Structure formats: structure tokens, C-alpha cells
Amino acid sequence: MKNMLKGLGAALCVALPFLAQAPAGAATPAGAGAADQALVQRGAYLAQLGDCAACHTAPKGKPFAGGLPMNTPMGRIYVTNITPDAQTGIGGYTEADFARALREGVAKDGHNLYPAMPYPSYAKVNDGDVKALYAFFMHGVAPVQQANRESDIKWPLNMRWPLMFWNMAFLEKGPYRDKPGKDVAWNRGAYLVQGLGHCGSCHTPRGVGFQESALDESGSAFLSGALLDGWFASNLTGEHNTGLGRWSDEDLRTFLKTGANRHASAFGAMTSVINNSTQALNDQDVAAVSKYLKSLPPVGGNGAPAYTYDPQATKVSLDRPANNAGARVYTAYCMHCHGVDGRGFAPMLAPLAGNPNVLAKDASSLINVTLNGTGDLVINGVPSPFPMPGFAAVLDDKQIADVLSFVRAGWNNGAPAVAAAEVAKLRQSTQAGR
Ligand code: HEC
Ligand code: HEC
Ligand code: HEC
């Protein structure tokens, strides 16, 4: 049973797409009254918070018509059409069918959905919000006739009925219930983070069945950081080095709205989350999300004291880089953007000194971003002016390991070195996925 769940989980919980997309266009609701219009609009906002477009809209594809491949170790699956087309989309869904798909992972015809669709998180969405989402998908989205593609997963792993057992083991049914003793903003933040925001689907480590090992703050692993598809989704607890402990409430709100602040910039899988989802949060909701995240107690630290900036030793190596392989690469390829002082030009150019991603134990994100650069962050329709370039073609594995080891030791960062073998591994896996 355990092994079966494990195999299944691996097939399911997959590569999350790393894309930058334009916001989805909406059709005009034909003949909808003013009250319905308001409901459709609220649904459109909720669809952004749920980041439905990140998966259901393929690059250059029609809004919500599906088709995006998601890689799994067993083969590819394709995201489905959720436009209101009666034949190929969800035009035939009643509100109850829609609610079941969203919160329980069961399609109208009764087949179980792979949890690549984050229904274990959406399970927490309340009835009022399901209604608004349904109104949006029925009346605010243009129907598109585009048939779904079968997955490439081979028999017997493609059988969906064992998912019933996965759901029995891991799905927590029932919408979010306000926690007594917490104020309105905290509860709103918890509802959004655990539910529509599905932040844990990337930021929470997975257990034996590949399930998220905690679905709310009652489990200490919740949002404590996890590796998924070559990116390490950062620790979002209050840990003071690798988590958000040194971030003020304002730093966090700025990051969610604009993808950058004085500590770090969004890259990798987070770019699409900012582009399609969190930048749309209204002021009240962004404050709620921030309040909730800032309330999470520190998890995952290594006992080191909180980071303090110290440029002295690093400046000495950068003044005489000849004897230090990492410093040589840094001066030639990185310094004009990230600075001698490691502070970059935040928020435009990310700082590396004290950056929680640089201090994190798992260096996957750093290796991946140095090899492959990052997709454009697009805020209010404007792409970032100086995206991080990829160095896969310019630097070999050892050079990348050297420069990242230098950065991880530099400016008092005190993080462990990176080995060339780790770079080689990610170079291979990220290139295979291209
Ligand atoms: C991380 C990717 C991802 C996100 C985000 C996502 N979905 Fe899905 N969704 C999927 C995948 C993959 C499937 C198909 C799964 C399968 O075939 O088993 C799916 C299936 C569905 C279905 C069932 C339709 C069908 O015929 O397969 C509905 C309805 C749906 N999603 C609605 C939504 C809504 C509404 C949102 C936003 C609130 C959303 N999804 C966000 C990946 C995603
Ligand atoms: C598709 C996967 C994915 C989802 C979903 C996701 N994140 Fe992230 N997130 C990442 C990755 C990968 C990083 C590391 C790269 C970076 O810092 O941008 C990250 C980084 C962050 C950071 C920066 C932390 C730091 O120390 O630099 C914050 C804050 C954050 N995410 C908040 C959220 C919130 C809030 C949600 C839910 C609304 C969310 N994320 C959903 C993948 C994801
Ligand atoms: C053209 C300017 C530029 C150059 C050159 C450059 N970077 Fe970056 N780097 C960026 C930007 C901008 C970001 C923030 C992500 C984004 O917006 O693309 C970034 C992000 C990063 C990050 C992730 C930190 C975070 O929180 O965003 C690391 C690690 C990094 N760079 C390392 C390097 C290394 C190592 C080199 C040299 C091999 C290098 N960079 C060269 C512009 C640059």
C-alpha cells in the first residue's frame, strides 16, 4: 500500500509549470444582470488568487483551454480545458459538479483527477467563493472547443481508481473554518494561503505518498521549504536566515505585489505565481496573507545567529581575485549586476548578501537560476528591465560551483559550498525538460 501510494504520488505531484503569461482575457457575460456581473467579477479575482491560468492556459494558448504538458516521472499529463464549451470543456458542469472537481478532485463523469490539480488545497475554498468561481467560468470565460489530450502515462500507472485510496489517506475535506482567538485578517490570510493560494503545494515538503506533509500551521513542516522540479521553494516561516524572519510586513507585501524587495527577487517557479496571481491581491488581502505568514513560528534553522552584513573579507578577495577561482568568475560575470558589495541594486537587481535563498541549505535554486536564468517578471504589464541571464552555455560545472560557493561564503553569508557534481545533475535534468 505504502509503495503504491508512493509510486502514485510521484506520478501526480509533478513538475509545476514555470511560465510567464499574460493575464487571461475574459468574455463579456451575455445578458448577465448587475448582481451576476458582480459575482462574475469576484470570481475573476478569485481565479487569479487561485492561479488557475498558470496551469489551465498554455503558453500562447487560449485562456483556460488547457493543453499545457506537466512532466511527471512516469510520463506527461496534459492540463484540461475548463472553458464553458459543452463538448470539450466544462460547459456541462453544474455548480455541484464544479465544486466536486475543485474540492474533491473528481470530474463530472466520476473519474479521479490527478493531484497535479491542487484540489487538496482548494478543498478549503468556501461555498460562496465556489459559487463566484463557477459564475466566472460559465459567464466570464469564452468557450473554446479544444479536445483534451490523454496522458502519456502507461498502463497500469495510468489507472485512476487507486487515487481513491490516496484521497482517503490524504485529502482533508471541508472548507476552512475560522480559528478562534485569531482576528479577521489572520483568518483571511490563512484561508487564502492554505486554500486558493495553494502556497503549500510548492513550499511544503512532501511525505511518503508525495502528499504535502502538513496542510496548515498545526504541522511544523508547513511552508518550511521544499524542492520541486529543480527549484527550491523557500522557507516561508519566521526562521531568521533562510525564512522570512528578517522581512518586515512591508517587505513581504512588496514582494507579493511586485516580485522584488530589498532582500530578494522572484525567480523560477515563483515568477509565474507573481505574474498571474499575487500581484492581483487587493490591499486588504495582501495584508492578510502577510499577517498570516509573519505569524508562522521559525522552523528549519540550523541554530546560527541571525545574519549580519560584513563585506570586509569578500572585498579583499574581489580586489585580488587571482587566487580564488570563485572570485574570478564573480568579477568577470556577475559583479556588474550584483555588485562588489553583494547588495545588487535592489529591488531591480537582486542582492546576494543575506538573501534567504543564498543562505538556504539546498542550493538547487541558485544553481538552476545561474544555469538557466529566469523568465520575465511582468508587473502591471511591464517586464523587468534586467532579468537574470542564463550561463549554461558560458560557464562549465566547476565554474558555476566555484562562483556559487564564493557567493555562499561571501559577505558573511556562511552557507555551505556547492559541488560541481550538483551542477552537472541539474544541468542535465533541466536541459532534458526543455
Ligand atoms: C498546478 C496546476 C493547476 C492549477 C493551479 C489548477 N489546476 Fe485545475 N487541473 C489541473 C490538471 C493537471 C487537471 C487535470 C487532471 C487530470 O486529468 O487528472 C485539472 C483539472 C481541473 C478540472 C476538471 C476538468 C476536467 O475535465 O478535467 C477543473 C474543473 C479544474 N481543474 C478547475 C480549476 C480551477 C477553477 C482552478 C483555479 C482555482 C484550477 N483548476 C487550478 C491542474 C491545475
Ligand atoms: C509553483 C510553485 C510555487 C507556488 C504555488 C508558490 N511559490 Fe512561492 N516560491 C516558489 C519558489 C521556487 C521560490 C524560490 C524562488 C524565489 O525566491 O522567488 C518561491 C519564493 C517565495 C518567496 C520569497 C522567499 C525568499 O526568501 O526569497 C515568497 C515570499 C513566496 N514564495 C510566497 C509565496 C506565497 C504567499 C504563495 C501562495 C500564494 C506562493 N509563494 C506560492 C514557488 C512557489
Ligand atoms: C544582467 C544582470 C545580471 C547578471 C550579469 C547576473 N545576474 Fe544574477 N540576477 C539578476 C537579476 C535581475 C536577478 C533577480 C531575478 C530576476 O529578476 O531575473 C538575479 C538573481 C540571481 C540569484 C537569485 C537571487 C534572488 O533572490 O533573486 C542568484 C543566486 C544570482 N542571480 C546569481 C548570479 C551569478 C552567480 C551571476 C554570475 C555568474 C549572476 N547572477 C549574474 C541579474 C543578473
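The backbone N, Cα and C atoms fix where each Cβ goes, and this holds for glycine too.
Here is what TrEMBL says about this protein:
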BINDING   Cys52, Cys55, His56  heme c 1 binding site
BINDING   Cys199, Cys202, His203  heme c 2 binding site
BINDING   Cys334, Cys337, His338  heme c 3 binding site
DOMAIN    38-297  domain 'Cytochrome c'
DOMAIN    321-411  domain 'Cytochrome c'
SIGNAL    1-26  signal peptide
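Counting Cβ atoms from all protein chains shown, Cys337 (heme c 3 binding site) has 15 others lying within 10 Å of its own Cβ. Cys202 (heme c 2 binding site) sits 14 Å from Cys55 (heme c 1 binding site), taking the CA atoms of both as reference points. In the structure as shown, the Cβ atom of His338 (heme c 3 binding site) sits within 10 Å of 22 other Cβ atoms. The binding-site residues near ligand 3, defined by a Cβ under 6 Å from one of its atoms, are Cys334, Cys337, chosen from His56, Cys199, Cys334, Cys337. Screening the binding-site residues Cys52, Cys199, Cys202, Cys337 for a C-beta under 6 A from any atom of ligand 2 leaves Cys199, Cys202. For Cys199 (heme c 2 binding site), the nearest of the binding-site residues Cys52, His56, His338 in terms of C-alpha separation is Cys52. The number of other Cβ atoms within 10 Å of the Cβ belonging to Cys52 (heme c 1 binding site), over all protein chains shown, comes to 27.
Within its own chain, His203 (heme c 2 binding site) has Leu223, Ser224, Gly225, Ala226, Ala233, Ser234, Asn235, Leu236 as residues 6 or more apart in sequence whose C-beta sits under 8 angstroms from its own. Around His56 (heme c 1 binding site), the same-chain residues six or more apart in sequence whose CB sits under 8 Å from its CB are Phe64, Ala65, Gly66, Leu68, Val79, Thr80, Asn81, Ile82, listed in sequence order.
By the rule that a residue counts when its Cβ sits under 6 Å from some atom of ligand 1, the binding-site residues Cys52, Cys55, His203, Cys337 yield Cys52, Cys55. Across the domain 'Cytochrome c' (321-411), the DSSP tally of helix, strand and coil residues reads 45 helix, 6 strand, 40 coil. Here the C-alpha separation of His338 (heme c 3 binding site) and Cys55 (heme c 1 binding site) works out to 32 Å. Under the DSSP three-state reduction, His56 (heme c 1 binding site) is assigned to helix.
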